[in-house]
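Here's the structure, in structure tokens; my notes come after.
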Amino acid sequence: MEYMSTGSDEKEEIDLLINHLNVSEVLDIMENLYASEEPAVYEPSLMTMCPDSNQNKEHSESLLRSGQEVPWLSSVRYGTVEDLLAFANHISNTTKHFYRCRPQESGILLNMVISPQNGRYQIDSDVLLVPWKLTYRSIGSGFVPRGAFGKVYLAQDMKTKKRMACKLIPVDQFKPSDVEIQACFRHENIAELYGAVLWGDTVHLFMEAGEGGSVLEKLESCGPMREFEIIWVTKHVLKGLDFLHSKKVIHHDIKPSNIVFMSTKAVLVDFGLSVQMTEDVYLPKDLRGTEIYMSPEVILCRGHSTKADIYSLGATLIHMQTGTPPWVKRYPRSAYPSYLYIIHKQAPPLEDIAGDCSPGMRELIEAALERNPNHRPKAADLLKHEALNPPREDQPRCQSLDSALFDRKRLLSRKELELPENIADSSCTGSTEESEVLRRQRSLYIDLGALAGYFNIVRGPPTLEYG
């Protein structure tokens with residue numbers, strides 16, 4: 001995530017206000033406010049045209065000049081996956097300049113949780129868009145969060161009341177791959193794509209929202225995760241990867257910010273770098289992924305397979321158990337702006353595995369980080385690993401985050417007088433006065449308490465890392 005300074009006093013005041021708003025209350029207020037007002041008009045940003053000689057571009061532009069309707073661009077409607085992919089290919093093959101001439105929004109919807117009205121789906125009248133509340137970081141009011149590929153908003157359909165994540169991508173940066181994988185492959189551990197709508201020169205992707213934030217947000221706010229929490233997350237991630245890999249899909253960007261908490265599961269997000277292999281080995285034309293989690297074979301760019309995701313998961317496990325990505329402690333970012341050479345020469349980062357890691361979990365991480373991809377286990381094999389299937393007596397009583405929250409609420413009710421007054425706040429502050437032992441003893445029960453409305457630690461879906 002990047003932060004861009006605006007230097008505007010007015011913007012500072014707005015950001016400061018947003019940081020203290022309750023998103024649920026804002027949505028309720030705005031819903032009542034706009035009920036009797038005229039729909040707001042969406043103003044597309046003015047962007048310069050990028051000339052292109054692509055034949056599809058020329059065809060679309062000639063139709064626009066002649067005043068004829070272009071397929072997929074006449075309205076917002078329900079459709080099939082094939083319709084959505086055709087829509088995505090069409091808008092990615094037409095220069096953004098011509099979308100400024102469109103009289104209204106257009107798009108394809110896959111799920112009826114989004115309810116267009118007479119072929120229209122307008123901001124503020126049909127759907128509300130609210131910036132994510134920044135719940136974890138105190139970054140100062142002079143900064144605006146900005147993701148690498150687009151901004152993400154909390155969206156609520158005014159008719160169905162469904163709350164969603166809405167990712168905004170400038171049309172000149174939009175690629176069909178941004179929707180292909182989520183549209184074509186449905187699984188409980190993959191964030192569901194509800195549809196895509198083009199407003200002006202910005203594509204809006206509506207998808208399933210995670211109530212509990214991302215793994216990265218939890219790590220940055222509350223420190224390292226306990227091993228049973230890691231087991232819970234890892235099993236859900238591996239189920240998603242097992243499904244993707246069975247379809248020969250490489251995610252290419254497994255990392256904490258792309259794993260998002262739901263109340264009863266964890267899901268994978270951000271498939272913009274994903275590819276579906278046609279052969280046993282994928283030969284890349286570019287470097288894909290986040291380098292700190294990249295496998296050695298990905299860095300070499302000589303071909304890799306779905307096993308690259310397994311290595312990235314191993315690096316992610318180190319991050320979850322230590323609170324720090326691999327390599328960073330031994331090679332500070334200030335001295336090493338790139339880790340590609342280090343990974344190429346020294347991988348795997350076994351020295352970064354937590355000192356208090358159990359033997360079983362250490363064995364699993366070492367297997368996932370095997371340098372030779374041919375010796376690296378598949379997702380299905382790791383799901384059977386004993387580290388992820390401890391004896392019943394060693395497992396926590398909770399089988400989901402919701403049941404965990406209920407158990408924790410009862411415990412806190414009984415021992416309320418014994419708890420420090422600032423326990424909820426301290427779990428988010430990351431105070432240096434606390435010992436590492438106490439930080440690791442905290443569990444997802446408290447950290448994700450807001451899922452059931454018990455605490456105010458995590459509020460709503462993930463921020464800009466959601467993808």
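Using the three backbone atoms N, Cα and C, a Cβ is placed for every residue, glycine included.
If you look up Swiss-Prot, you'll see T80, T290 marked as phosphothreonine, on the strength of similarity to another entry. Positions annotated as phosphoserine by Swiss-Prot: S138, S141, S400, S443. Marked as ATP binding site by Swiss-Prot: V144, P145, R146, G147, A148, F149, G150, K151, V152, K167. For 146-388, the entry in Swiss-Prot reads domain 'Protein kinase'. For D253, the entry in Swiss-Prot reads active site, proton acceptor.
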Cβ neighbours of T80 (phosphothreonine) where a neighbour is any other Cβ within 10 Å: 11
Listed recorded positions among T80, V152, D253 whose Cα sits within 10 Å of T290 (phosphothreonine): D253
Residue among recorded positions V152, D253, T290 with least C-beta crowding, 10 angstrom cut-off: T290
DSSP-derived structure type at V152 (ATP binding site), helix or strand or else coil: strand
Assigned element (helix, strand, coil) containing T80 (phosphothreonine), judged by DSSP: coil
Distance, V152 (ATP binding site) to T80 (phosphothreonine) (CA atoms, angstrom): 24
